[in-house]
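Remarks on the structure that follows.
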Amino acid sequence: MNATNFEIPAIDATRLPGLLRSMPKAELHMHIEGSLEPEMIFRLAERNGVKLAYASVEALREAYAFTDLQSFLDIYYAGASVLLTQQDFYDMARAYLDRAVADNVVRAEMFFDPQTHTERGVAMATVIEGLHRACVDAEREQGISAALILCFLRHLPEEAALQTLEDALPFRDRFIGVGLDSSEVGHPPEKFARVFARARDLGLHLVAHAGEEGPPAYIWSALDVLGVERIDHGVQAVHDPDLMDRLARDRIALTVCPLSNEKLCVFPTLADHNIQRLLDAGLAATVNSDDPAYFGGYMNTNFTRLFEQVPGLTAQHAYQLAFNSIEASFAAVADKQRWQVQLRECFERA
Ligand code: HPA
Ligand SMILES: [Zn+2]
């Protein structure tokens, strides 16, 4: 099914990797703390006098052998412990936005986890002002449109999320929405009903991780209890035909993360990924990098490896994925229309 009404011209398969790289795209699911490369972790640890549990960049990288979400999160939170000053948050976000620009990402909506930092004594202002300044400078100097989404850690109580939202309100104009991340199983979306209701009253966009490792029921409650506009991951939806119908009917975007799913063993191999099934059922699936420094690649690596490994994916799917990402972004309508024109021209030229 094609929700764009644009049948792309016949494209030689050898041109597909180049197209995947050059097409304009939006990244809607990436955790800025997950863009900390081992080299930067060591540089910041030295700058801030933080002691690391690993002797070298190589030793740290070797520890990136994950069996599930929790095995990753343990290392991810340890890596984030080197972030202390506003400059640290700025440097991390500028480095990611540089990589995004190189991958022809025209819009980046970046998750950040304030509780990971405020629990260590870092001020909310330090986190948000550093990240925000990076967005402003990247936009001005490189033309990328960048925005922030504040995520609550779901393994912590809802009271902590409510307090985090209140603490962030002096910076209300610095982020566009709220999300829900960290350990999924055992922490269903409905645990956060009150804080999402409060965020909605504040006019914030709402998203949540659901159906990464957790069951379809978590996707239903993210939609019907939290009222989210997009589902982060959502790949477990295929186990519930009624849910598939609902997601297709309402064009609820799924922000799918192929290399993340491979590294966290959500699918046995990348070739087993169900993204083609999602797209062919008319769901607004998108491709994203999640935690690019930990999972083996940024946006274009996610696209090119996915299309190398999943045999049925075509140029029409590539167009649909990029179209969906722009459509599902929270950017201004005029910007979205401009990027969709650029996308179409990119395929017409190919
Ligand atoms: O993939 C993820 N899932 C849940 N929480 C996360 N925090 C960073 N990455 C992830
Ligand atoms: Zn994620």
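Backbone N, Cα and C define each Cβ position, glycine as well.
Where the annotation comes from TrEMBL, it is an automatic prediction and has not been curated.
Residues or ranges marked as domain 'Adenosine deaminase' by TrEMBL: 24-338. Among the features that TrEMBL reports, Zn(2+) binding site is placed at His29, His31, His209, Asp290. Summarising the annotation, TrEMBL assigns active site, proton donor to Glu212. Annotation comment: TrEMBL describes His233 as site 'Important for catalytic activity'. The annotation substrate binding site is assigned in TrEMBL to Asp291.
Cα proximity to Glu212 (active site, proton donor) (within 10 Å) is found for the following recorded positions from His31, His233, Asp290: His233.
Across the structure, Asp291 (substrate binding site) and His31 (Zn(2+) binding site) are spaced 6 Å apart at their Cα atoms. Among the recorded positions His29, His31, His209, His233, Asp290, Asp291, the ones whose Cβ sits under 6 Å from an atom of ligand 1 are, in sequence order, His31, His209, Asp290, Asp291.
Apart from His29, His31, His209, Asp290, the Zn(2+) site neighbourhood in this chain, defined by C-beta within 8 angstroms of the site C-beta centre, holds Met30, Gly34, Phe111, Asp181, Asp232, His233, Thr255, Cys257, Ser260, Asn288, Asp291. On a Cα basis, His209 (Zn(2+) binding site) lies 6 Å away from His233 (site 'Important for catalytic activity'). Among the recorded positions His233, Asp290, Asp291, the ones whose Cβ sits under 6 Å from an atom of ligand 2 are, in sequence order, Asp290.
It is Glu212, among the recorded positions Glu212, Asp290, whose Cβ has the fewest other Cβ atoms within 10 Å in the structure shown. Look at His29 (Zn(2+) binding site): DSSP puts it in a strand.
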